[in-house]
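Report on one structure; see the data block that follows.
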Amino acid sequence: MNLDQTMLARILTMMTLSFHIIFATLGVGMPLVISIAEFLGIRRGDDHYLQMAKRWSKGYTVTVAVGVVTGTCIGLQLSLLWPTFMKLGGDAIALPLFLETFAFFFEAIFLGIYLYSWNRFSNPWIHWALGIPVLVGSSLSAFFIMTVNAFMNAPQGFKLQDGKIVDVQPILAMFNPATPTKAGHMILSAWATTAFVLACLAAYRMLKGNKQEYVKKALRLTMVLSLVFSSGTALYGDLAGKYLAKHQPEKLAAAEWHFDTGTQASLVLGGVLNEQTHEISYGVKIPYLLSFLATGSPTGEVKGLNEVAKDLQPPLFVHYLFDAMAGIGSYMVLVPLLYFLWTRKRGREVPKGLMRLIVWGGPLAMLAIQLGWVFSEVGRQPWILVGYLKTGASATTSAHVGSMVILFGLLYVFLGVAASRVLLRMFRNNPIPADVDQGREPHVA
Amino acid sequence: MSLENVGITVLWMFLYGYVIVASIDFGAGFFSYYSFITGREHLVNGVIERYLSPMWEVTNVFLIFFMVGLIGFYPDTAYYYGTALLVPGSIALVLLALRGSFYAFSHYAKSSALYRFLYGATGLFIPASLATVLTISEGGFIDENNGKVTLALDRLLSNPYSWAVVLVAVTSVLYISASFLAYYAKKARDPAAAETLRRFALATALPTIFASLLVFFTLRTHNPGHFERMLDIYPLFLGSFGCFLVAFALQVTRKSYGWAFVWVMLQFLFALFGYGASHLPYLLEPYIKVHDSITSPQMGLALVIGLIAGLCLLIPSLVLLMKLFLFNTKYASGKLSEEP
Ligand code: HDD
Ligand code: HEM
Ligand code: HEM
């Protein structure tokens, strides 16, 4: 690996984004899940759900803060590390970035209100309603930032003349062909991941022998949500694949090790590639499936990598990233299904093995988010703005990127350790009974 | 008004907003640390915490807004400032990040002396480093050779003007913050805290004025053109000084801390807009002028429409936030425990 400015800038971008996305994912998902729990609590008059909403928002105050500071980092680093890209792209894509800050603003204001006004109103629905703008704001900011990323993959709505962007159509640039699948898949995967992370915590408590009604309800709720959102994620992932087949066939071909354009293409799972002969050993080949996934017909034509000039091909290791992401996606659908099959009979205890699978689902879902991003971003290489600007031509010329990598590395280690410690302490020091019964009349469920 | 002027006016308004709300926050950090080491913590900390907890994220967004807006309206700024400011910008970011994490962690972790120190120190270092961007915009510190943009750090650090700006940034932060917190403490019916904070305000008032004068004089040698343009609009700066005198009088006589703070806000409104107006047409001397670097008319129009729609949403929400926390005596005095 050649550690030039570009490579260092890529490493720093990757570090910041991978760290930010952990908290951003929760930032998109938590408001929804909290809002659902509070809704159920008020609607059914069930204190357990209200306590869930409160406990989760307590944890959320910590993750949101780290999300905000790392988001500030990436927001500035885009200009610090990729000045040429921001200057060129800024002309075409400033609108969603600008709107995103409004969405943040809106979210931040109501988050402040929501978190610090739990007991302020006599009508509980007012407090619940104050959570809606938080939910809308965070989903909108995710949507806007995804349009920017979509634009990098499928730029449109401008003309390039002598290295300057002219004839800009901001709305067209925002709603480019990649926008629907990118935004949809990302937002749904954030919801699914959040639900699974919370399910993981509840299952962990149960494994540790906690049999309270509260924990059971929390697990059940998060399992319902996991099932719905994970299925949505998988469906949208399929649409994302179809988008790739149509607009970025080289990314899909690299992900599937598909070299020769052809109909009736088969899907390869895993395997080892011989880069010279393009022969695949050990992999599982499923005939027709790739054609079917890419086009909706088992005999559809799928473009192969050989049609792309050698120096414009993305790296081939993304195949594993894609497989792992899709594998985890299936896991995230299957595990909740198992849980519901098992608990269909009333009163049946969930077996330890299944509980462990749920616990594993939390970290795996987070891993899938990371894998998906690295796949999507590395699969775009060598372009930063597909067809217009190469990554190598847009990095900063400053000589100090290397030391900045170290500086931010230390910052993220510190933030990561501190946030984990605070969250763990919160989790341990707040056993449920203390919280649930605090200053409240015992509630008979 | 032409697009480039609309753009810079809006951005400047957000910068003004940031200067006020962030100063309150930064200064509060310093006062909190100061009262911690002098053993008077109980006097001011409650007030500070109740104000800051719901506000800090909003404060942060003001800054992001300014930056994103700047790049949106004037894409060239991304290129020059982005390249030149990698190191100082990154350092400021790290400080901001450490500080932001304080709010999240201190509530739930026992805050150590080290963390408190960091919190207090970043409250002074961040404004100093952010203000340095304004220094750089005056020109003379960024070189462009064969398309390579570099920042001359040695020249920056040895320049009297840049130190004057640092001084004015730090003193203003403390002054704005103390003026506001004195009012907030009064509102919270905490006379002891209000008195302490009033003294802080009085102690920082004259240094602020002194530092501003220093900026005027050093700018004269550093950037005579800008100095001339400032003289052209001297009434603004006189107005700023007038507002200061009113605020100072109100604080000395303990008449009304609320009105005193309003006058402080006006003082900085005049000063910041006077500074900004005379800075034009440059965004970065001599490389970026507002009318050369303005984005395309289509994007500009889209941004302005987005801005208007956004403000329609924001202003009522901000009013609600202030009503619930800032101007609610029960909340301010800690009678409502609102933690989740
Ligand atoms: C919990 C996380 C998660 C899970 C389970 C899945 N994905 Fe995913 N995927 C993402 C999280 C993600 C992501 C992090 O959200 C990505 C990265 C970039 C993006 O837009 O979304 C992504 C990107 C992404 C892309 C690339 C889109 C592009 O670059 O334009 C495709 C084709 C898929 N996914 C397909 C799938 C399929 C077929 C899945 C099968 C179940 C799947 N994903 C599960
Ligand atoms: C390069 C990409 C990104 C940039 C420049 C960016 C920028 C930012 C900024 C500046 C903040 C802080 C805002 C504040 O102060 O409130 C932030 C936080 C946040 N970001 Fe990112 N972001 C990026 C990627 C993403 C993605 C892909 C998502 C969506 C999945 C996302 C979702 C969020 C959310 C929800 C927050 C609010 C904080 C929280 O709720 O945790 N961001 N981001
Ligand atoms: C938050 C989720 C995101 C993650 C985790 C992510 C991940 C990554 C990774 C891993 C790289 C390095 C690629 C490589 O080393 O080859 C990268 C590059 C980059 N990403 Fe993304 N990305 C995200 C979203 C975005 C968004 C929304 C934008 C646009 C605003 C963006 C802009 C960039 C840029 C400018 C680069 C550097 C050029 C490159 O290497 O392609 N990313 N990102």
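For all residues, glycine too, the Cβ spot is worked out from N, Cα and C.
As annotated by TrEMBL, transmembrane segment applies to B:12-34, B:55-74, B:80-105, B:117-141, B:161-185, B:197-219, B:231-250, B:257-278, B:298-321.
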Long-range CB partners for the transmembrane segment (B:231-250) (under 8 A, at least six residues beyond its ends), listed in sequence order, are 179, 202, 205, 209, 256-257, 259-261, 263-264, 266-271, 273-274, 277-278
Can you tell me which parts of the same chain pack against the transmembrane segment (B:12-34), counting only residues 6+ beyond its ends and a CB-CB cutoff under 8 A? 41, 44-45, 48, 51-52, 55-56, 58-59, 62-63, 65-66, 69, 99, 116-117, 119-124, 126-127, 172-178, 180-181, 197, 200, 265, 268-269, 272-273, 276
Would the transmembrane segment (B:257-278) count as touching the transmembrane segment (B:161-185), if touching means at least three Cβ pairs under 8 Å and pairs must be 6 or more apart in sequence? yes
Does the transmembrane segment (B:55-74) reach the transmembrane segment (B:298-321), going by 3 or more CB pairs under 8 Å (6 or more apart in sequence)? yes
